[in-house]
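**Student:** First the structure, which I've put down as structure tokens, then a few questions once you've had a look.
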Amino acid sequence: MIGLTILGATGSIGKSTLAVIRQNPERFRVLALTANSNVTEMLAQCLEFKPCYAVMLNDGAASQLAQQLKSLNCSTEVLSGRDALCQVAALDENDMVMAAIVGAAGLMPTLAAVRAGKRILLANKEALVMSGALFMDEVKASGAELLPIDSEHNAIFQAMPVAVQNNLGFCDLIAEGISKILLTGSGGPFRYSNIADLAAVTPAQACAHPNWSMGQKISVDSATMMNKGLEYIEAKWLFNADESQIQVVIHPQSVIHSMVQYTDGSVLAQMGEPDMCTPIAHAMAYPKRIPSGVKPLDFFEMGELTFLKPDYTRYPCLKLAIDACYQGQVATTTLNATNEVAVDAFLTGQIGFTDIARVNATVLEALTFSEAKSIDALIEIDAMARIDAQQTISRVTK
Ligand code: NAD
Ligand code: MG
């Protein structure tokens, strides 16, 4: 049995991971589950999957969970706090760790799994955006195995030659005959809206993604296309790609999950239903294949596939992220942190939808660019960016 820990078990990716395990109960054993504060969901998961450990970030939530588990005679041990997240990520018995905490909060637990040399199923793109080269260096140094869960990066991975798959972060695309990574994105719920109407968009409208069902933060990021921008940066690090080797393509139907173009003219695409259980099952079983529970793609039902060039006036966040990618690690860490604060302010009604890009641009413009040399330095930059973002939001809302 393959032992696994799920960081962020109560979220959208966490639940999809458990759904894949439900399809393959003889293959996987859940060792630890973690969450921020959702006791009800965690309790149900513990009763069903009987992990050795359940970690709640929040202390109050942890004692509540422990009491309820005890009264139901479930022997799962409850831990709490950030250190406990890192502890269960590095358990000796873990063969793989699903990194599915949302945002920069996932960085240290994900790194703990990397440092322990595990197979990392990487959904938490913000961790990689924030730490870039330093993260990839740690993967190489520890011998950890990285498998992308983000549907686009998983698709690209599947369309890459084995030499690239086995050398993520340090591969040579040109030597492998690859000319371009075609990173597809649906364009989100507002791809056909009048640009002038975007300022009045509500959180509920922004979170209603046409093709995918996801957590709130990534749903808003998909509506601004910041998600594609973060994915652009993620692709650069995973596939050691430069500016001329990544192209964003809007593909509203989300049937093709991304493509790789080769120098001989071939284009390899990975397709499927828009359901995260497919990339999760792929990464859990790689290089084998297992059932994911996802229905097969029906070519006679899907209709036409269309493709568009991204328009940066509609999606200024996409442009900000691509620019930040080439400005360096301080810029991408700053953008990631600022965006988390801005998205939260939008979701809690403090700023409008189009203010997200405005706040991100304002904080980035004030940057004096330089490279950060350690994870600790990046964590400091992240903290400073959050303060700058809050101050900018206070000015916007005055
Ligand atoms: P979500 O909001 O549904 O779930 C987030 C999980 O992280 C929850 O279990 C929550 O309890 C936990 N969490 C939140 N804040 C935390 C903190 N400070 N410390 C510890 N745990 C915390 O998010 P999601 O949609 O599942 O996304 C998770 C990650 O996967 C994100 O990085 C996202 O970009 C990425 N991703 C998601 C999808 C998707 O379809 N949902 C697709 C691709 C990539
Ligand atoms: Mg994605």
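In case you wondered, yes, glycine gets a Cβ from its N, Cα and C as well.
Straight from TrEMBL, here's the annotation block:
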- 4-132: domain '1-deoxy-D-xylulose 5-phosphate reductoisomerase N-terminal' (DOMAIN)
- T10, G11, S12, I13, N38, N124, E126, G215: NADPH binding site (BINDING)
- K125, S151, E152, S186, H209, S222, N227, K228, E231: 1-deoxy-D-xylulose 5-phosphate binding site (BINDING)
- 146-239: domain '1-deoxy-D-xylulose 5-phosphate reductoisomerase C-terminal' (DOMAIN)
- D150, E152, E231: Mn(2+) binding site (BINDING)
- 271-386: domain 'DXP reductoisomerase C-terminal' (DOMAIN)
**Student:** Of all the binding-site residues here, K125, H209, which one's CB has the most other CB atoms within 10 A?
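**Tutor:** Answer by Cβ density within 10 Å: K125.
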**Student:** Determine the binding-site residues, out of E152, H209, E231, lying near ligand 1 in the sense that the CB is under 6 Å from one of its atoms, and give them in sequence order.
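**Tutor:** Correct list: empty, so none.
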**Student:** Around S12 (NADPH binding site), which residues of its chain at least 6 apart sit with Cβ under 8 Å of its Cβ?
**Tutor:** S213, M214, G215, I218, M276
**Student:** Can you tell me how the residues of the domain '1-deoxy-D-xylulose 5-phosphate reductoisomerase C-terminal' (146-239) break down into helix, strand and coil by DSSP?
**Tutor:** 47 helix, 11 strand, 36 coil
**Student:** Using a 10 Å cut-off on Cβ-Cβ distances across all protein chains shown, tell me which of the binding-site residues (T10, N227) has the largest neighbour count.
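**Tutor:** Top count of Cβ atoms within 10 Å goes to N227.
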**Student:** What three-state secondary structure does DSSP assign to I13 (NADPH binding site)?
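**Tutor:** SS state of I13 (NADPH binding site) = helix.
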**Student:** Restricting to the record's NADPH-binding residues (T10, G11, S12, I13, N38, N124, E126, G215), give me the longest CA-CA distance in Å as a whole number.
**Tutor:** 21
**Student:** Give me the CA-CA distance between N227 (1-deoxy-D-xylulose 5-phosphate binding site) and E126 (NADPH binding site), in Å, as a whole number.
**Tutor:** 10
**Student:** For K125 (1-deoxy-D-xylulose 5-phosphate binding site), which of the binding-site residues T10, G11, D150 has the nearest Cα in space?
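**Tutor:** Given the candidates T10, G11, D150, the nearest one is D150.
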**Student:** By a 10 A CB contact count over all chains shown, which of the binding-site residues listed here is most packed: N38, N124?
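**Tutor:** Checking each of N38, N124, the winner is N124.
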**Student:** Just checking, which of G11, G215 (binding-site residues) has the fewest C-beta atoms within 10 Å of its C-beta?
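**Tutor:** Ranked by other Cβ atoms within 10 Å, the binding-site residues G11, G215 bottom out at G215.
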